[in-house]
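Shown next, in structure tokens, is the structure this report addresses.
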């Protein structure tokens, strides 16, 4: 399907002349004679799918993808590459490495040799969306990519990122990981001023804000747009010969920067994506930073809403990120292992074997077993194909389609099973039943994170607070409900010990405490629900 998006009528002026670099400033952006070349509007081809956002190009709708019933869902993953002749192919590989962050859709936008933006997007896994011939249609040295799980917006083709739009300044593309808390408010104001939204994704909002900005350069328009946004966003943009990376002032969602041996600069949600394409990890994009790559690198910072402390998502370490990644400057593997070690110290129990609920509980289970001096065994095997089966099994056997017990490991044993979290409790109940049916003498559940009592509004798809079992039941009542012999969560104070007295203040624990760094007044929760704000 071919189409173009023209928003040039929103822009009261055009800019000309040669692009000029801007100087670094750790506090306030500063440009000398900033001018951008207008780009020729171009008809673009799409097939799409994306996360929770707002507008972008135009796409056709598709049926929704079913969610797992009792697990948190990854937000999204983004990648950006500048200065490599195989930028789109490297983006494809990087998205493979980030596939765990979203399995509903994927897309890549590349800047071709004529200065136009070409896009391939689609619903499904990365390997299903892209083929050799499709990647051959995305030449150029600059590309951005996205894998999607819909934290906002329906699971439709039209919501697949990256999004592209054309204005008087030229064509631009954006990919976004996160969630804008003031999306509805800003969208309402834009619509009152004549904006027309095409998608149900909040990412579209960024394009409208850039188009409406009165700033006279594209980079200052990005700065202007970002300072109007509240919430979580790690984004990559392509405009002319520039690759731009942006991270919100609280740093909720991760974004790292690396470099290949040929000098190509890479941005990605996690370092595991850098590893796969042989890029050396250099640093994180700082909270509130806007990094511009156009042959060199320079950066500026948002200042109007810069907080005293970043509030990075602790669930990135506990569940979402790959164990081989470095996130927020820490090894995910080592952090999860420490969770398990501390859990074994604060909640010991006599047992014969320690097993994990794969895959996110595995590293914490290894730490628990090592500290407890008890053998770690593979007691549950996960099918990585069950989610994509065409015919859904009945509820009675659904858990067996996803998890298979290893009877020789379990039979007659006192078993400690380590998981990362309990959401609604339905899966935990089925796992305990599965282990008992396989002959386990005792089943002791150990959860490597604190009880989750509140929804996340910063880019994680969580149930409403009243659907979370820990918000309604005590630990003992949950234990009886799931029918295990004992149940223990990692206490919040113990979790903070992993990070130390200083670094622990740099993380968001809202899902465990109900205290939010940024309040959300437009949630899907009942109108009477209240959200407290951190002091």
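Each residue's number is its place along the chain shown, starting with 1.
Cβ coordinates come from backbone N, Cα and C, glycine included.
According to TrEMBL, the active site, nucleophile annotation covers 76. Other Cβ atoms within 10 Å of the Cβ of residue 76 (active site, nucleophile) number 30 in total over all chains.
Under the heading domain 'Glutamine amidotransferase type-2', TrEMBL lists 76-296.
Listed in sequence order, the residues of the same chain lying 6 or more apart from residue 508 ([4Fe-4S] cluster binding site) and placing their CB within less than 8 Å of its CB are 250, 252, 311, 312, 313, 314, 458, 517. Annotation source TrEMBL lists [4Fe-4S] cluster binding site at 313, 456, 508, 511.
Residues or ranges marked as Mg(2+) binding site in TrEMBL: 360, 419, 420. Counting only residues at least six positions away in the same chain, the Cβ atoms of 356, 357, 360, 361, 428, 431, 445, 446, 447, 448 sit under 8 Å from the Cβ of residue 419 (Mg(2+) binding site).
The separation of residue 76 (active site, nucleophile) from residue 456 ([4Fe-4S] cluster binding site), Cα to Cα, is 15 Å.
Taken together, the residues of the domain 'Glutamine amidotransferase type-2' (76-296) have an average pLDDT of 93. Straight-line distance linking the Cα atoms of residue 420 (Mg(2+) binding site) and residue 511 ([4Fe-4S] cluster binding site), rounded to a whole number, equals 14 Å. Same-chain neighbours of the [4Fe-4S] cluster site beyond 313, 456, 508, 511, judged by a C-beta within 8 angstroms of the site's C-beta center, are, in sequence order, 252, 314, 315, 458, 460, 509, 510.
Annotation for residue 511 ([4Fe-4S] cluster binding site): spatial neighbours 315, 452, 453, 454, 455, 456, 460, 462, criterion Cβ-Cβ under 8 Å with sequence separation of six or more. Apart from 360, 419, 420, the residues listed for Mg(2+), the same chain places the Cβ atoms of 318, 319, 356, 357, 361, 364, 418, 421, 447, 448, 449 within 8 Å of the centroid of those Cβ atoms.
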